[in-house]
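Q: First, the structure itself, so that you have it in front of you.
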């Protein structure tokens with residue numbers, strides 16, 4: 001059992017004083033408060049009100065976690081007023097206290113908005129923020145801000161030097177296509193480096209800049225990545241991963257042995273995040289992909305999440321020696337709904353990330369702290385058989401706020417659906433739409449029905465389906481929203497991706513689903529494939545939701561394991577009377593464990 005350090009104790013005292021104060025961002029909810037809306041999440045990060053989008057500058061400093069985020073303090077819509085940096089602090093990544101905005105558009109170099117960027121801890125434990133400012137001429141420039149009092153655990157005040165911008169708009173880049181500086185890393189030559197997204201002469205590019213002092217920056221002649229096909233890319237994230245094990249690495253880690261790098265890019269024309277594992281040479285500032293056959297068009301790279309997320313951002317959590325990922329999950333109903341709720345946008349539940357043994361893909365898993373929210377448990381008998389058409393309810397949990405883990409055993413793959421045309425396997429989302437949960441298959445569909453009404457007129461299906469092409473099997477994972485709501489005007493697609501694993505060898509597949517009212521996050525195959533969805537069922541206004549396990553394949557499957565837990569409500573930017581969890585917990589949890 002670890003002891004709380006002095007920094008954490010000091011942070012606890014500061015948070016106690018903070019929570020005793022009042023602010024428009026952190027007031028106690030009332031009957032009419034937007035926090036009481038039926039679709040508001042219970043343990044996902046979101047401000048008390050108004051618009052949020054990209055996660056920015058997550059870091060751990062002086063015993064506290066910090067999350068900044070794109071925030072509109074004026075409206076639940078993006079385009080009413082100019083964006084600021086929202087700022088919240090936590091001791092456990094679950095419970096959050098909202099602070100006043102960290103950066104506001106008050107200077108000529110950011111007069112029209114403080115857009116996305118990153119945080120870096122400089123020598124001397126000085127936190128620094130690099131961010132994109134929309135200047136008085138509405139051009140995108142890169143600015144720096146420093147913590148005014150680095151010893152303040154809450155980092156409540158930030159200084160924007162008058163010498164900003166530190167990187168002006170380049171002559172070969174349009175004024176609206178130069179943004180999102182990354183977390184900085186130190187090269188072995190002692191120079192700081194950052195990646196910045198830009199469109200250079202019509203080519204989507206990830207530029208590298210170098211600096212001795214974090215103020216004067218020089219651009220590398222060659223980009224880290226460039227593609228004529230992809231369109232504008234955003235929010236670049238270059239970070240190291242260990243070749244073996246689950247531990248994270250400091251962003252500046254490099255070396256010939258034991259370290260790979262990941263380049264993640266967010267693509268505007270698809271609103272999706274893509275990544276490639278490879279090697280990074282800091283002498284030339286060059287990235288070499290491990291799968292060059294995927295090409296320069298990052299839309300053919302691996303997907304970080306096959307669902308409704310964008311603008312992801314990771315950081316190295318030095319406290320737990322892990323890399324943690326956030327991503328923005330926007331609403332998918334209407335702007336009128338945003339205004340009526342008074343808020344828009346949530347962040348995904350934080351995920352631990354590490355490199356799979358194949359050296360090509362990342363594994364993602366909810367951080368272990370979620371176990372502290374688990375309350376009532378329910379499940380099924382091990383070995384429960386699900387025959388063709390079986391639908392079995394899991395009773396005993398509040399299924400609108402739950403954590404569900406299930407492992408399916410596939411007795412045989414003989415009835416897997418045959419696919420003769422390989423082109424049908426190129427678009428998994430289209431395949432999920434054609435082969436939804438209601439379409440009878442051979443091996444699958446089998447999985448979960450979540451946020452379901454008692455009559456099943458509304459439900460979200462999260463499931464697997466096995467296909468066979470020649471002598472190889474392909475495991476498809478889908479989240480089917482077509483029956484998620486009876487409302488018109490709600491985006492209800494079928495999301496999907498292939499799980500990169502040998503299902504013929506294992507014949508077992510795991511599924512973990514986090515349910516949080518309007519958010520459904522699913523992790524297939526131990527985190528090999530992830531799908532995030534936003535759902536808006538109508539029945540929640542008058543009745544409770546239900547949880548089912550099902551099989552609509554002609555072949556039976558077995559439930560080797562199924563456990564479901566109620567999850568408690570975290571304190572997320574709305575004060576409810578105490579500050580439990582806002583300091584780092586003394587109890588260390590067990591190491592992360594995953595199954596196939």
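The backbone N, Cα and C atoms fix where each Cβ goes, and this holds for glycine too.
Summarising the annotation, Swiss-Prot assigns signal peptide to 1-24 and lists sequence analysis as the type of evidence. Positions annotated as substrate binding site by Swiss-Prot, on the basis of similarity to another entry: 51, 52, 53, 54, 70, 78, 115, 116, 179, 180, 234. Residues annotated as active site in Swiss-Prot: 54. The N-linked glycosylation site annotation in Swiss-Prot covers 82, 330, 552. Residues or ranges marked as disulfide bond in Swiss-Prot (evidence: similarity to another entry): 432-478.
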Q: Which one of the disulfide-bonded residues (432, 478) has its C-beta surrounded by the most other C-beta atoms within 10 angstroms?
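A: Result of the Cβ crowding comparison: 478.
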Q: Write down the Cα-Cα distance for residue 82 (N-linked glycosylation site) and residue 115 (substrate binding site), rounded and given in Å.
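A: The Cα atom of residue 115 (substrate binding site) is 9 Å away from the Cα atom of residue 82 (N-linked glycosylation site).
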Q: Using a 10 Å radius around each Cβ and all protein chains in view, which of these recorded positions has the most neighbours: 53, 70, 82?
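A: When each Cβ's neighbours within 10 Å are tallied, 70 tops the list.
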Q: Taking the Cα atoms as reference points, how far is residue 330 (N-linked glycosylation site) from residue 54 (active site) in Å?
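A: With distance taken Cα to Cα, residue 54 (active site) is 10 Å from residue 330 (N-linked glycosylation site).
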Q: Of the binding-site residues 51, 70, 234, which one sits closest to residue 478 (disulfide bond) when you measure Cα to Cα?
A: 234
Q: A 10 Å Cβ contact count, applied to the recorded positions 54, 234: which residue has the minimum?
A: 234
Q: Could you tell me the C-alpha distance between residue 432 (disulfide bond) and residue 70 (substrate binding site) in angstrom, no decimals?
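A: Cα to Cα, residue 432 (disulfide bond) and residue 70 (substrate binding site) are separated by 33 Å.
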Q: These are the glycosylation sites: 330, 552. Which one scores highest on other Cβ atoms within 10 Å?
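A: The most densely surrounded of these glycosylation sites is 552.
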Q: Among 54, 82, 552, these being the recorded positions, pick the one whose CA is nearest to that of residue 179 (substrate binding site).
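A: Spatially nearest to residue 179 (substrate binding site) by Cα position is 54.
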